[in-house]
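Structure record follows, encoded as structure tokens.
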Amino acid sequence: NLSTVSEFAFVGLSDAPEIHLLLFVLFLLIYLATLAGNITLLVAISTDSHLHSPMYFFLSNLSLLDLLCPTITVPKMLGALLLEHKKISFSGCLFQHFFLIAVVGTEIFLLTVMAYDRYVAVCHPLRYPSIVGMKLCAQLAVGTWAVGFLNSLLHTSLVFTLSFCGPNKIQQYYCDIPPMLALSCSSTYSRELVILVVAGVLGSSACVVTVVSYIYILLEILSRNSPGIWQKAFSTCGSHLTVVCLFYGTTICTYVRPSFTYSPHRDRVVSMLYGMLTPLLNPIIYSLRNKEVKRALRRVISRV
């Protein structure tokens with residue numbers, strides 16, 4: 001710890017205290033709805049034997065990540081809005097940063113694995129059970145979590161070994177890479193370069209695999225040209241494609257760019273999209289687009 005700053009202070013989403021209570025209620029409701037949606041989806045997948053397949057195994061991992069992502073940041077933000085306690089210790093900021101980047105990175109790689117799973121399901125339906133077995137699913141899941149945490153370890157070590165000796169106000173409601181780099185009083189050029197290269201290589205690799213998978217899916221659909229094939233393919237891949245576009249768009253806008261383009265106000269809005277709204281929408285998107293999930297959810301609700 002080379003820092004002379006022992007704690008940081010978050011700049012809230014609004015400087016107007018008269019709407020803090022309104023924001024607190026709004027974000028609390030979104031957070032509780034996110035927890036309820038993802039926990040219900042996890043329970044449905046784990047208890048319904050019809051959903052014990054590779055696709056839903058990966059979906060349960062996605063729901064777990066969507067539980068963790070807002071839980072890392074939202075409780076602290078709610079405390080800042082209600083109690084005006086906006087400070088966080090240096091070590092607390094470090095751990096919040098580490099786990100947030102780990103969860104975001106893991107979700108990027110998990111969405112890539114899910115794209116490969118959809119490719120095999122559409123292009124090789126007869127061989128699907130032999131190609132995507134539960135052993136391979138477990139290995140892929142462990143791999144995505146491991147790569148996500150190793151990637152976060154690298155980014156966190158690059159950011160938090162900088163010197164912080166001046167202002168300690170974070171222009172965000174959680175500890176993130178761009179606002180932390182903006183606070184450093186030492187040169188950040190080399191570290192920014194490493195962060196951009198690593199994020200660019202890993203992110204572009206994941207993006208390429210996802211895009212190529214969907215290109216093969218599209219070519220397979222065009223080559224068959226059978227009645228109802230578009231509807232079947234959309235029911236198989238539509239939910240995942242929607243989630244991919246929503247998540248990739250917001251994370252790329254936040255992380256894969258140089259720091260001189262950093263805009264606190266814009267970044268707060270974008271971070272709200274992938275930090276709170278995406279975890280809320282994911283279970284809704286998958287349940288609305290999937291008849292098996294809807295049936296499983298009805299069975300869970302009826303039991304309750």
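Just so it is clear, glycine is given a Cβ too, placed from its N, Cα and C backbone atoms.
Annotations in TrEMBL come from automatic prediction, not curation.
Same-chain residues lying 6 or more positions outside the transmembrane segment (20-44) and placing a CB less than 8 Å from one of its CB atoms are 12-14, 51, 59-60, 63-64, 66-67, 70-71, 74, 77-78, 81-82, 276-277, 279-280, 282-284, 286-287, 293, 296-297, 299-301. The transmembrane segment feature in TrEMBL is assigned to 20-44 (among others).
Here TrEMBL flags 37-286 as domain 'G-protein coupled receptors family 1 profile'.
The annotation transmembrane segment is assigned in TrEMBL to 56-74 (among others).
The transmembrane segment feature in TrEMBL is assigned to 94-116 (among others).
Tertiary proximity for the transmembrane segment (136-154) is limited to same-chain residues at least six positions away from its ends with a CB under 8 Å from its CB atoms, namely 54, 57-58, 61, 98-99, 101-110, 112-113, 198, 202. If you look up TrEMBL, you'll see 136-154 (among others) marked as transmembrane segment.
The transmembrane segment annotation in TrEMBL covers 193-219 (among others).
Residues annotated as transmembrane segment in TrEMBL: 240-257 (among others).
The feature transmembrane segment is assigned by TrEMBL to 269-288 (among others).
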